[in-house]
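Okay, so here's the structure we're looking at.
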Amino acid sequence: MATENKILILGPTGAIGRHIVWASIKAGNPTYALVRKTPGNVNKPKLITAANPETKEELIDNYQSLGVILLEGDINDHETLVKAIKQVDIVICAAGRLLIEDQVKIIKAIKEAGNVKKFFPSEFGLDVDRHEAVEPVRQVFEEKASIRRVIEAEGVPYTYLCCHAFTGYFLRNLAQLDTTDPPRDKVVILGDGNVKGAYVTEADVGTFTIRAANDPNTLNKAVHIRLPENYLTQNEVIALWEKKIGKTLEKTYVSEEQVLKDIQESSFPHNYLLALYHSQQIKGDAVYEIDPAKDIEASEAYPDVTYTTADEYLNQFV
């Protein structure tokens, strides 16, 4: 669906930003990316490196070859940020968890520029107005919720993108710590394994984000990505994998009490990942009814989008 909407991605070389850039180019949008002069930090702790192997430098080269318009700047440089925003119609922030509160600077720049049709703040997870998460992720979700309130108070046009569980974080290893591939012998399951979760590939997040960006119906609404074939319990996910490898895994179920204890006693990234897994697999933070007045279910709004199913995704690991 080609469109003349000019889209600016902030955080274009991050785990999800890269996929939004690629989806924007594929959709035919004039695509802009704000990049800093500084090289990527190879020592920066990452949650799942295997899901995003490209370096910043490789991505920049790739973007140039695709025709992405690279703008030099930084969200901490108000003047260059305003200048970049004035060139586009839609701003999508894909900054990482450590920069959530810095989005007030983007909001200020958008207000000054005065031309933005829609702002997507950095969310790309569960709905931060509907969760029972624990620390250390709770603070991040609360920061995202506070940014929502600032956006609304300032009258900035917005779309919130709630995509829940990236396959690169939750599915490629069946939510097991210290491995990047699905287990073939034993598997640990948090809770009873019967709580529904919502899985989506990072590439499909990019696709749905750009569809939502180009859709006028998403103005001042939240878009929820809960794809029918990927709305699965952990037990269902494991059953898919067992069928593929022709083997039944030895299962260990961990109580919520023990999970909370493990979170408190672990360091990053284990505590963060466990808290994310706890949110989806035990508390069921992907299970809720949407309000049509302010919510849009992506699979219903864009039924023509062909997405990667959890079953298909796991084929690469057989």
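The backbone N, Cα and C atoms fix where each Cβ goes, glycine too.
Values in this document were obtained by computation on a predicted structure and should not be read as measured data.
As annotated by Swiss-Prot, active site, proton acceptor applies to K144. All protein chains included, K144 (active site, proton acceptor) registers 24 other Cβ atoms within 10 Å of its own Cβ.
Per Swiss-Prot, the feature NADP(+) binding site maps to G11, P12, T13, G14, A15, I16, G17, R36, K44, R148. A15 (NADP(+) binding site) falls outside any helix or strand according to DSSP and counts as coil.
If you draw a 10 Å sphere around the CB of A15 (NADP(+) binding site), it holds 21 other CB atoms from the protein chains shown. The number of other Cβ atoms within 10 Å of the Cβ belonging to G11 (NADP(+) binding site), over all protein chains shown, comes to 22. With the fewest other Cβ atoms inside 10 Å of its Cβ, the least crowded of the binding-site residues T13, G17 in this structure is T13. Rounded to the nearest whole angstrom, the C-alpha distance between G11 (NADP(+) binding site) and K144 (active site, proton acceptor) is 16.
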